[in-house]
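Undergrad: As listed in TrEMBL for this protein:
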REGION    1-30  region 'Disordered'
TRANSMEM  97-122  transmembrane segment
DOMAIN    140-271  domain 'Peptidase S54 rhomboid'
TRANSMEM  142-171  transmembrane segment
TRANSMEM  183-200  transmembrane segment
TRANSMEM  206-223  transmembrane segment
TRANSMEM  235-252  transmembrane segment
TRANSMEM  258-275  transmembrane segment
Amino acid sequence: MSTPYPSPRDDKNSFGQDASARPQPARYGSYEQPQQFPVCARHPENVSYARCGRCNRPACGQCQIPLEVGMICADCYRTATGKDYRREQKKARGGAWANYPVTIVLIALTVAIYALQIILPGQAVINALAYNSMYVSYTGEWWRMLTAGFVHSQSNIAHVGMNMFTLWMFGQALEPIMGKWKYLITYLLSIIGGSVAVMLLAPGTWVVGASGGIFGLFAAYFVVNKLHGGETRSIVSLIAVNFAFGLFVSGISWEGHLGGLIAGAIVAYLLQMTSKDARRQ
């Protein structure tokens, strides 16, 4: 039996396929459209077959944010959270300095000033930086209202130790949430608020210590948690115990504590309410 061979004009090949569907070699001098590969939306030089689970765009390894199931791209993560994932990862790897720089600087400055108090003879540092309302009223040394928060009792190292320990604990909680500048402003204005309260309630009293700023952070912690629906009962108890301690123990300025508490609450509330998140709500 002979096998029929298709003629040159036959539209079907020996396998019954359309002859015109067969790939034809490119003619000399002709241009072929290059094959298109999926590329990352942010890095078009990177080919990627992985797609974002939210926007379905290709995302390279630099832009993939892993989730419990699948992944999303960096742009969708920023849209959903308002944060830069890679920057957060760098901060997490950077340790305490990357996450709490203001708190570390405040503690280092306070400890350095306390070291000067010990090294220099007499009470030269306290005399230069401590607060007394008469210095503001008669000599115009208003800056003492702030600098008093960075000097402590030379004879009681526990004074500076406890204040710095508390600053470290609450700084870790507040600085990442409030942001560096808002956190710093709250702390400094709380110190000044404590000095104002001493001027009004106990004029002529010498005051040193960061307690006004610490109580301001107590209040800020309460405000931030209250605004974000967090638990506030424990911080209220802590404030009550510490404030009562200042009322019944001599040598402690409860006026400074009260002023710092009020100033911290007001400043933290105003700063939080002017934030982008609060405006979106």
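Here the Cβ of each residue, glycine as well, is placed from N, Cα and C on the backbone.
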Undergrad: Residues of the same chain, at least six outside the transmembrane segment (235-252), with any C-beta under 8 angstroms of its C-beta?
TA: 211, 215, 218-219, 221-222, 225, 258, 261
Undergrad: Mean pLDDT, the domain 'Peptidase S54 rhomboid' (140-271)?
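TA: Reported value for the domain 'Peptidase S54 rhomboid' (140-271) is a mean pLDDT of 94.
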Undergrad: Between 97-122, 183-200, 258-275, who has the most Cβ pairs under 8 Å to the transmembrane segment (142-171)?
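TA: The stretch with the most contacts is 97-122.
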Undergrad: For the transmembrane segment (183-200), give me same-chain residues lying six or more residues beyond its boundaries with a C-beta closer than 8 angstroms to one of its C-beta atoms, as numbers and ranges.
TA: 102-103, 106, 131, 133, 136, 144-146, 148-149, 171, 174-175, 207, 210-213, 215-217, 219-220, 253, 255-264, 267-268, 271
Undergrad: What are the helix, strand and coil residue counts for the domain 'Peptidase S54 rhomboid' (140-271) according to DSSP?
TA: 102 helix, 1 strand, 29 coil
